[in-house]
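Enquirer: This structure is in structure tokens; I'll ask about it shortly.
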Amino acid sequence: MYRACVWGLLLSLAACREKEPAEGAIRVLVKYGTYVPACVRVLARDGQGHEARTDIPREKFQDVDAKEVRVAVFRKPEWGQELMLEVSSYQEISIEGCAGDRVETRSSNGPVEVPRGEFASFEAVLQAQDKDGDTYIALEGLANADCDDERDDVYPGAAEKCSVRVDFDCNGFQGCLDSKCLSKSCDDGDPCTTEDTCEPDARCLGKSKVCNSPPTVCHEAAGTCNTANGQCVYASKPVATACDDGKDCTVIDQCNASGVCEGQETPCTPSSSCRRITGGCTALNNCMEELDPSKVNTECTRGGHQKGTCRFPDGACSSFPYVPSHFDPDAIPEAKIAASLTITCDVTFDSTPGLMKPWSPEGCVSSPPEEFKVSQGSQAPEVVVLPVRGVRLDGTWTLAGTRPVILAVYGDATLTKDILANGHLSGTAMIPGAGGNQFCGSRQGGAGGDLGPGGGGGGAGGGTAGEPGGRGYYNGEGGAQGARLEPSGLLLGGCAGGNGGSSYGGKGGAGGGAIQISVAGTLSAGAWVTASGGGGGGGEKADYQAGGGGGGGSGGQVLLEASRLVLSSGVRLTSNGGGAGGGGENANPGAKGEDGPRSSDVQANGGAGGGSFGGNGGKGGARARPPVQGSSGGGLILEGGAGGGGGGAVGSVRLRSMQPCEIDSDSVISPETDRQCPL
């Protein structure tokens with residue numbers, strides 16, 4: 001609250017004493033509302049021409065919450081006893097006092113009598129308001145007054161909005177009546193018109209709404225406007241009217257009673273209970289499916305109502321729960337699958353085509369399984385598949401002949417006796433395992449040179465390259481090494497080593513065979529399965545033409561695969577390279593190289609060279625150890641030794657299993673393989 005004192009004709013802004021005035025005084029109370037003046041002026045005059053005033057700036061309004069200002073007017077002795085009072089508000093303030101336009105003035109209704117020694121009172125209530133806080137004053141009769149003090153967007157000079165009937169700029173005209181709105185957008189109040197515009201005659205007119213965008217193809221193209229809400233209404237087409245729902249995978253699209261175009265879905269059906277649909281439809285003939293992981297190894301029904309198993313990873317319903325290597329188990333008729341391969345004594349199976357009696361002795365096999373051949377193309381040897389539902393081995397099973405062998409077991413199998421497909425010497429003949437010495441090409445070791453004492457034959461290639469033979473004493477070239485077998489996806493046996501040079505040279509060792517055992521269930525093995533290469537023959541003795549040692553044969557392929565693969569401590573899976581034969585000399589022949597071990601991962605030794613001058617044969621490959629090159633022959637002027645043969649390379653051992661392999665730490669696998677047994 002601000003108190004000012006008016007001392008007669010003098011202005012004073014000093015604080016007023018509240019003691020009783022000797023000449024009398026008037027207490028003036030000025031009240032204001034939502035509009036706070038920039039300055040308030042209080043003026044007093046008497047009938048004798050005396051006049052005094054005081055200006056009070058807004059910053060001196062100390063009691064803002066009370067919205068009032070108090071002023072005391074003290075009468076001078078020379079003033080009359082009655083005073084007229086005026087209270088005025090202003091919009092501006094200057095250093096000289098109230099300035100600018102006066103907003104309003106409130107005067108006393110008549111002279112106010114001022115008794116000596118006492119206070120009289122006068123109250124002035126200012127009417128100007130600014131309720132909406134837009135800084136524009138609402139006061140009747142005031143120039144440029146706010147015409148609507150309830151809205152802060154309505155005031156003199158505001159932008160006119162033609163779309164509503166409000167006088168925003170306080171010029172007395174609303175909407176289209178305001179000349180500013182000519183040709184501007186407005187609202188005629190009709191929801192069924194668009195592009196409403198203020199016309200020159202001050203009317204708001206619009207264009208009739210056009211309804212030509214039906215919500216679906218099952219509504220009529222032209223509609224009507226609902227005057228209640230301005231929405232377009234479209235009649236539905238008759239039920240069963242042909243339409244297009246925009247979906248590629250539906251057929252016979254028709255309008256239904258709700259005005260919706262619906263077609264018949266054409267969902268895909270999995271090709272088997274083992275698979276699930278991932279996309280597409282029959283209408284587009286683009287169905288896509290994949291293996292359902294939850295169905296792997298569960299029962300399903302194959303063609304002809306035969307029981308099968310959901311196969312990994314392609315989801316086919318098959319007699320095997322996985323895709324075996326090199327043959328299709330479902331291509332063999334159920335009736336052609338033998339109940340069991342039962343071997344009661346040591347027996348040999350010769351895979352060479354056209355044999356009348358491939359089993360020898362015949363009495364060791366009861367009801368031998370029928371043979372099925374599988375082509376490998378590219379001039380590679382075809383494979384012989386022996387399909388059975390079980391296996392019982394009470395004797396060693398030897399595999400020979402020109403074709404690789406697959407034992408396909410449509411159930412579980414336990415191997416308690418050895419299966420031998422290794423190359424070896426039989427009499428004077430080098431006998432390969434089943435499928436060995438076939439489709440070799442550059443994998444076969446090269447023959448030794450014939451100049452003087454012969455060069456040693458080259459070792460055959462397989463999992464690695466073989467090794468060259470040693471030179472003869474009189475520069476008989478050593479045979480070239482056989483090349484490494486590049487990955488081909490074929491089931492192939494090992495290859496022969498090169499013959500030693502000269503007509504007295506030792507024969508190259510035979511290649512190991514190729515044996516694959518595929519079991520639909522559990523394969524438990526506790527015996528040998530071997531396809532090691534044979535050792536090379538030693539060179540014969542001869543004056544000046546001693547024979548070079550034969551190169552070692554390479555190991556073939558051993559492949560075991562099953563749903564579950566268990567290898568016990570007695571297992572020996574080998575495909576080692578054969579040792580090479582030693583070179584002869586004038587007086588002494590070279591020794592034969594050792595066959596690749598069938599039951600260990602030790603390198604096969606090469607044969608010793610004859611006498612003092614024959615070159616030693618190289619060792620065969622085993623485990624991760626490479627074969628060894630043959631030694632060159634030595635000699636004197638009239639005596640010369642032939643070169644030893646080069647060692648044969650390892651083949652391969654491969655294990656595949658749906659479940660993690662169970663491999664006993666005492667088992668032997670040579671060469672080493674991936675023991676995770678990936679499919």
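Keep in mind that glycine also has a Cβ here, set from the backbone N, Cα and C atoms.
For 442-464, 533-555, 571-679, the entry in TrEMBL reads region 'Disordered'. Summarising the annotation, TrEMBL assigns compositional bias 'Gly residues' to 546-555, 576-585, 606-621, 631-650.
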Enquirer: Give the nonlocal contacts of the region 'Disordered' (533-555) in its own chain as ranges (CB under 8 Å, at least six residues past its ends).
Expert: 422-425, 430-432, 436-437, 443, 445-446, 448-449, 452-463, 466, 469-470, 472, 474, 476, 478-479, 482, 494-512, 574-596, 604, 606-607, 609-610, 614-615, 617-618, 620-621, 627, 630, 633, 640-652, 671
Enquirer: In the same chain, who gets a Cβ under 8 Å from the compositional bias 'Gly residues' (631-650) while lying at least 6 residues past its ends?
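Expert: For the compositional bias 'Gly residues' (631-650), the list is 445, 448, 452-474, 476, 478-479, 481-482, 484, 494, 497-498, 500-502, 504-506, 508-509, 511, 533, 536, 539, 544, 546-555, 575-586, 590, 593, 596, 603-604, 606-607, 609-623, 670-671.
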Enquirer: Residue counts in helix (H, G, I), strand (E, B) and coil for the region 'Disordered' (442-464), per DSSP?
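Expert: The counts are 2 helix, 0 strand, 21 coil.
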